[in-house]
């Protein structure tokens, strides 16, 4: 209703302007000259032209699109205001060519851009819509055909004008319509893929792959066009500020498409090589419904590291878009876990725990420590060769190992170049983390180091009731798991901080400090060596 009222008012004003000019001049040509020389009359004519463009847009929308959805209208208005701002910036670059023809060309460009955006949104909606009628296909195909023809004709006109008249503002319009042509090609390819999938009863597994590579190729083409356009504009006119925002978004989209291709290929390779096939027993114990396609899983299913099971084809299509578990959102690329790796890690942990328990029992208890700590320290020191046989460790001064020199340095000693101690920095960075120095394979453990953690139970030996009891079904069990994970993360961060400190210390040590530390170690070994017993005889 508002559009109709605006149209009636503009037509009435236009009629008054034309009638007044003809009444005063009595002839056609003098009336036209009078209107063009009068600023108020030209303002009314411009408003009437804008209203005619809006009415033409309404008619084309009704023919090719029907009723716009709320999301489509929102996207259109958001993009339109950005395009209008860029157009105003373009006016400042081409202020010498500012005339009615120039304004008309930019109006046509904005008009066609709007329908390109609407066509792209409508084809994207096609993938999400469950029912697509023949009228939808006729409208979309007709709109894409018309837009492609308009783009081709305007590119040809810009090219012919540049060849005939030299470098003019038509160069800008030619590149703009070339970008719009790539958008039409991309939208048409998407429409063909979606239409081909709708004709089959089963989903097209390779459609996501083709769409991904199509976006990559189209994005690369747009980047090349924008780079060439900016170079030509800088050499011929000036720096095109109005092209920076679309060029930035084009480069960002191309980078995203390239990353999607690389990450999807990596995720699919991990799925084919690392993740085991789900067995019949696992399918029976689980929900047995793939949450991606909502169908029963009978065969050709993969088990992710988090334990969730999906169809192999569904996972391949899912990994084309994102590389996470569809259920728990676990990042697949960060946790490539295999059964062999898990078994080997469990076996190594069991062997280490058995060795630590045996050595700890032979070493005997020490004051303020568990019985197995000294044995574990002795076994690690013997394996690494960091200390000489029979050497003792000063319990009052914790030590850290220096690679390559076989010596130990105290944490509270003053090092060259003003390097702070690792413990102080770690406690400052992580005040909630306990100060535990991770053992090196070439250094003896301090006497107060925490004992090795207990070996987790093998779940294969537990019954279903025992596993359910461990899992829990209350909120406090979930809170306890989250707290444990937070503690583990804190300890890992503290370990990383300490390792960084160790690396910084060893990298900045001077040769004099190394010689001093070697001399200190020799003195400690001499002091710790057992003195020969001297027999005393009575007088």
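The backbone N, Cα and C atoms fix where each Cβ goes, glycine too.
Please treat TrEMBL annotations as automatic predictions, because they have not gone through curation.
Noted in TrEMBL for the protein shown:
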TRANSMEM  43-60  transmembrane segment
TRANSMEM  102-119  transmembrane segment
TRANSMEM  131-150  transmembrane segment
TRANSMEM  171-193  transmembrane segment
TRANSMEM  223-244  transmembrane segment
DOMAIN    290-329  domain 'RING-type'
REGION    516-539  region 'Disordered'
COMPBIAS  518-539  compositional bias 'Low complexity'
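Residue counts for the domain 'RING-type' (290-329) under DSSP, helix first, then strand, then coil, are 8 helix, 10 strand, 22 coil. Model confidence over the domain 'RING-type' (290-329) is summarised by a mean pLDDT of 83. Among 131-150, 171-193, 223-244, 171-193 has the largest number of CB pairs under 8 A with the transmembrane segment (102-119). Under 8 Å from some Cβ of the transmembrane segment (131-150) lie the Cβ atoms of residues 63-66, 112, 115-116, 119, 122-123, 180-181, 184-185, 187-188, 191, 195, 198, all in the same chain and six or more residues away from its ends.
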